[in-house]
Amino acid sequence: MTLLNISGLSHHYAHGGFNGKHQHQAVLNNVSLTLKSGETVALLGRSGCGKSTLARLLVGLESPAQGNISWRGEPLAKLNRAQRKAFRRDIQMVFQDSISAVNPRKTVREILREPMRHLLSLKKSEQLARASEMLKAVDLDDSVLDKRPPQLSGGQLQRVCLARALAVEPKLLILDEAVSNLDLVLQAGVIRLLKKLQQQFGTACLFITHDLRLVERFCQRVMVMDNGQIVETQVVGEKLTFSSDAGRVLQNAVLPAFPVRRRTTEKV
């Protein structure tokens, strides 16, 4: 089943010029893609290529300058109030900047309960039980429930944001560099959790990343973005080889898993 369909998406930002006139900076140019239920897809690209802007458009935080975004066959622009509430529940996003994504005055308990209070019909006791369950799933415990964001490490806060997104059992989870910043042990645990959710609920995942290792370990398909355009789409297999210049640059930037001894012909 197709969850998300994007066709001919373009976007720009206006900014003031030296002459006082507004100028438009193109960020996305004619982007089209589809995401299906249970699918794991990566959007790979260097910083500043338009990945995060695309993510903001997908979840409805901004409206595109041109093009169409449809969720389960319905254009986002035409969703009624009930459909929009269901959409906010079904598609969740975890941002790279976890500090800006939460209210620093709220406790972790309040942060986790917030989407459940607005998007689910659960009693308070059920919300608290699910909050504890989600914390455990991201390798945290109830000891953080009464803490506030400034009292947590960056990795802990990132996992709280992930737990918050998972609490409403979304159909699509968008992770904007949200897993790349975790250490490898935590990253592996989160990936196991996401795989379990896919099997249980058919949750689709869109990884917005520049981390090629993450793509190779978890994703079924990868799209390469460069200068606001998707320049290549590949199925992830045993050996991932890119044909675009942007894809090859990212692939060549990955360090080998083990040090490679440099051969020399010089005699000592």
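Glycine is treated like the rest: Cβ placed from N, Cα and C.
Around the Cβ of K51 (ATP binding site), 21 further Cβ atoms fall within 10 Å across all displayed protein chains. Among the features that Swiss-Prot reports, ATP binding site is placed at G45, R46, S47, G48, C49, G50, K51, S52, with the record citing sequence analysis.
Here Swiss-Prot flags 4-252 as domain 'ABC transporter', drawing on sequence analysis.
Each of the binding-site residues R46, S47, C49 was scored by other CB atoms within 10 A of its CB, and the lowest score goes to S47. In the three-state DSSP assignment, the secondary structure recorded for K51 (ATP binding site) is helix. In this view, the densest Cβ surroundings among the binding-site residues G45, G48, G50 belong to G45, judged by other Cβ atoms lying within 10 Å.
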